[in-house]
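A.B. asks: Quick paste from Swiss-Prot:
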BINDING   Asp34, Asp86, Glu158, Glu160  Mg(2+) 1 binding site
BINDING   Arg47, Arg70, Glu158, Gly231, Asp233  DNA binding site
BINDING   Asp179, Asp181, Asp233  Mg(2+) 2 binding site
REGION    1-104  region 'N-domain'
REGION    122-253  region 'I-domain'
REGION    336-344  region 'Interaction with PCNA'
REGION    343-388  region 'Disordered'
Amino acid sequence: MGILGLSKLIADLAPQAIRESEIKNFFGRKVAIDASMCLYQFLIAVRSEGAQLATVNGDPTSHLMGMFYRTIRLLDNGIKPVYVFDGKPPDLKSGELAKRAERREEAEKALKAATEAGDDAEIEKFNRRLVRVTKEHAREAKELLKLMGVPYVEAPCEAEAQCAALVKAGKVYATATEDMDALTFGSTKLLRYLTYSEARKMPVKEFSYEKLLDGLGVNNREFIDLCILLGCDYCESIKGIGPKRAIELINNYRDIETILDNLDTSKYTVPENWNYKIARELFIEPEVANADAIELKWTEPDEEGLVKFLCGDRQFNEDRVRSGAKKLLKSKQSQTQVRLDSFFKTLPSTPSATNAAKRKAEEAKKSANNKKAKTSGGGGGGRGRRPK
C-alpha cells in the first residue's frame, strides 16, 4: 500500500522535492530496486516483448520476460541495478495482509460475475487484482539475475527498508519502487517509474528526501508521524484526517502524542489500541541486513546458462536471448571503461587556476618557439623564424 496520499501532498506543498528525468540521466548510478514491485508489474503487463507468457505447462513467464528485458534496458542506459527481495513481513503488518486477503476474495467473486456476464474490461481488471508474487516467482527471478551477472539482496524483512539502508550507507544512489514508504524508511532518493516500459513513455520521477522535509517543514521523526497519520501498512489511521489536516496537525503539534492530547475526539475517531508507537519504531529501526557488510558485484553473463534457463520449456526465443546476453556483456565492458575513465578525471578548475594554467602553457609555448628559432637557421648569419 505504501503511504496514502503522500505523493500528492509532496507535489502540492514541496514541488521542489520532485524532479522529472529521462532514464539516460541516471547513467553511472547504482540503484536498489524493489524486486517484488517489479515482478508484480511484469506479471500484470498486457504486452510481452516477443517472448511467450507461459510455459508448455501453463506456468507464467511474464515475470522472467520483464526482468530480463527491463534489466537489459537499465544496463544499456548505464544504470547498475541491484534487486532487493522481501523477507518475512513484520507481525504488525498482519492486519494489512488480512485486508488484502479479503479484497482478494471480493475480486474473485467479482471476476466470476464478470466472466458470466462476458464483460472483457471487468474480467481484465479483476484478473489484475488477483495477481500476486509467489515464492516461486521470486526464486526464478533470483536464478535469472544470477545468470545475468546482476546482484540481488534478500532482505530479512521489508525490501523498501533494505533499499533505504543501502542508500543511506552509500552503496547505491537511490531506491526504485512505486511504494512511497521508502522515503519513510529514510531513503534519501526515491525513483518512481524507473522500471516502466518504454512504450508507456513515463518520465522517471525523482524524490529528494532532504527537499521534501524542508518543503513540508518537518524533521525526519515528524515526517514518520505524518506518514502514520496519512495511513501506512502497519496500523490504522485516524478516521476523518486527510492529508491536508494531517500536515496541519504535525506542523502545529510536532508529534502524534501531542496531537492526541489536543484532538477533538467528537470529530475524529482514534483507533482502539492504536499501535502507532510500534509502527513508528518499525520505520525508525527496521529489521535490515547490515548494508556495510553487503558486497555488490556485477559480473559477466552466462550466455549458455541463460539459453538453458529461458528457452526450452519456457519457450523464449533463443536468438533473442543470445542477443540479450551480448548486450549484457557489452554493457558490462562499457561500464568498466567508464570506471577507468572516471578514475583519471580531474577536479573542475577554478577561474584563477585556469588562467594560471593558460599563462603557463603560453610561456612554455613561447620558450619552445624561441628555442626553435635559435636552432633552425643555417650556418653563420642565418635568421630564425619569428615565433607565432
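Including glycine, each Cβ sits where the backbone N, Cα and C put it.
Help me understand the surroundings of these features in the structure.
C.D. replies: In sequence order, Asp86, Gly87, Pro89, Pro90, Phe185, Pro286, Glu287 make up the list of same-chain residues 6 or more apart from Glu158 (Mg(2+) 1 binding site) whose Cβ falls under 8 Å from its Cβ.
In the three-state DSSP reading, Arg70 (DNA binding site) counts as helix.
When secondary structure is read from DSSP and collapsed to three states, Asp181 (Mg(2+) 2 binding site) falls in the helix class.
Under DSSP, residues within the region 'N-domain' (1-104) fall into helix, strand and coil as 54 helix, 17 strand, 33 coil.
Taking the region 'Interaction with PCNA' (336-344) as a whole, pLDDT averages 50 in the prediction.
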A.B. asks: Quick one: Cα separation, Asp181 (Mg(2+) 2 binding site) versus Gly231 (DNA binding site), in Å?
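C.D. replies: Computed Cα spacing between Asp181 (Mg(2+) 2 binding site) and Gly231 (DNA binding site) is 10 Å.
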A.B. asks: Going by C-alpha positions, which of the binding-site residues (Arg70, Asp179, Gly231, Asp233) is nearest Glu160 (Mg(2+) 1 binding site)?
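C.D. replies: In terms of Cα distance, Glu160 (Mg(2+) 1 binding site) lies closest to Asp179.
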A.B. asks: C-alpha of Asp34 (Mg(2+) 1 binding site) to C-alpha of Asp233 (DNA binding site): distance in Å?
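C.D. replies: That comes out at 16 Å between the alpha carbons.
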A.B. asks: If you count Cβ atoms within 10 Å of the Cβ of Asp181 (Mg(2+) 2 binding site), leaving out that atom itself, what do you get?
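C.D. replies: Result for Asp181 (Mg(2+) 2 binding site): 23 other Cβ atoms within 10 Å.
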A.B. asks: At the level of the C-alpha atoms, what whole-angstrom distance separates Asp179 (Mg(2+) 2 binding site) and Arg70 (DNA binding site)?
C.D. replies: 19
A.B. asks: Please list the DSSP helix, strand and coil residue counts for the region 'I-domain' (122-253).
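C.D. replies: Helix, strand and coil residues of the region 'I-domain' (122-253) number 69 helix, 16 strand, 47 coil.
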